[in-house]
Amino acid sequence: MTNTNTLFPRHDDDSEILIFQENSVFPLFVFASWGIWRAMATFAELVLSTSRCTCPCRSFTRKPIIRPPLSGLRLVGDTKPLFRSGLGRISVNRRFLTAVARAESDQLGDDDHSKGIDRIHNLQNVEDKQKKASQLKKRVIFGIGIGLPVGCVVLAGGWVFTVALACSVFIGSREYFELVRSRGIAKGMTPPPRYVSRVCSVICALMPILTLYFGNIDILVTSAAFVVAIALLVQRGSPRFAQLSSTMFGLFYCGYLPSFWVKLRCGLAAPAFNTGIGRTWPILLGGQAHWTVGLVATLISFSGVIATDTFAFLGGKTFGRTPLTSISPKKTWEGTIVGLVGCIAITILLSKYLSWPQSLFSSVAFGFLNFFGSVFGDLTESMIKRDAGVKDSGSLIPGHGGILDRVDSYIFTGALAYSFIKTSLKLYGV
């Protein structure tokens, strides 16, 4: 009788080789035939891709399998033969079988594919929400960090308020002229030369200081505009009207309009004797005389602008449906109306607390002007940024953008508030 160990030598170091201890050629032949048939069936199933596996672990379906690209198949394992026989060496590549199994496991149908896509979208939404929450947190932190010093500057008044305003005007004017020189605006016009932009930024920064010293700077502003216009007309090359118009608007927008805050805060020096907080104000800080109509009006105007932005943002997030204008697609009529109501409500509350202005009608009118100036200034800066093709005017303040992004709502408000108090309120509303 032939020794089976001679026909089928044992390989102790190869655990995947089937070793037959009996001389049974027929079972071995059957087993080899079954292996060949199984490999061919699997290969045919992958190539033809006409049906799914009909084994009991899966339900039968007539939907054809969508064959994945070959680049997506990852072949793992080794290439050792599954068994040997006396008829010859029959090997089945386990990499191929593993690839087939993984391809089948990845093809679970359209429903599972859609679930995977939904899962990816959900993850993206979570990431977007986390990013927005982080940005909102940053905005709140830096907003509080900026608001407290600004409140102290407004309370101080005088040269402290004027110099701080002049610094903000200089930075804001530099951002404005950089926007004018940006690719989006410069594509359709010729921007002013850089030396003219720098000179205009200095002129804008000097306007609040000159307003505090002289009170009225109309003649000085007109003279400065005339000199700048002459410089543009005699420049080398071919002067353009776009250079003149953008420069004149920059002097008006970044320099002349902000100077009205100096007139409002420091020019209206009539004491607000009816203000209750003035009676308890420390003498070392100026006493009751420190609380002037200008200080009270500035605080109410600043608070009205903040209320407009805050309530409009919350109202737009909650009720916003109808777009306000194409200039700023995120602004809605619903948010704007909520901002108007919030601004008037805050103005009335502060007027009652500070006892200025005296009448309810004056408080409502003052609140409406603060709201209108805030929205108009915001939309004006949004139009400039939209033409420039940028989201923020700068990156000076993390989470907020540039100076213009923060003070755009205040640029027109100071002029409207000063004009209303000077012309409409008898004795400044005291």
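Here the Cβ of each residue, glycine as well, is placed from N, Cα and C on the backbone.
Just so you know, TrEMBL annotations are computer predictions that nobody has curated.
Distant neighbours of the transmembrane segment (140-171): 201-202, 204-209, 211-212, 254-255, 258, 261-262, 265-266, 294-295, 298-299, 302, 394, 396-400, 402-403, 406-407; these residues of the same chain sit at least 6 beyond its ends, with a Cβ under 8 Å from one of its Cβ atoms. Annotation comment: TrEMBL describes 140-171 (among others) as transmembrane segment.
Through the fold, the transmembrane segment (213-234) approaches residues 192-193, 196, 199-200, 203, 207, 243-244, 247-248, 251, 255-256, 259, 263, 267 of its own chain, all at least 6 residues removed from its boundaries and within a Cβ separation under 8 Å. Per TrEMBL, the feature transmembrane segment maps to 213-234 (among others).
The feature transmembrane segment is assigned by TrEMBL to 241-261 (among others).
Within its own chain, the transmembrane segment (291-314) is flanked in space by residues 150, 154-155, 157, 261, 264-272, 275, 277-278, 281, 331, 335-336, 338-343, 345-347, 350-351, 354, 356, 366-367, 370-371, 373-375, 378, 409-410, 413-414, 417, 421, 428-430, which lie at least six positions past its ends and keep a Cβ under 8 Å from the stretch. What TrEMBL lists as transmembrane segment is 291-314 (among others).
Here TrEMBL flags 335-354 (among others) as transmembrane segment.
The transmembrane segment annotation in TrEMBL covers 360-379 (among others). Sequence-distant contacts of the transmembrane segment (360-379) (same chain, at least 6 residues past either end, Cβ-Cβ under 8 Å): 300-301, 304-305, 308-309, 312, 325, 327-328, 331, 336, 339-340, 343-348, 351-352, 408-417, 420-421, 424-425, 429.
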> the transmembrane segment (335-354): which same-chain residues, six or more beyond its ends, come within Cβ distance under 8 Å?
Replying inline: 272, 275-277, 296, 299-300, 303-305, 307-317, 319-320, 324, 360, 362-364, 366-368, 370-371, 374-375
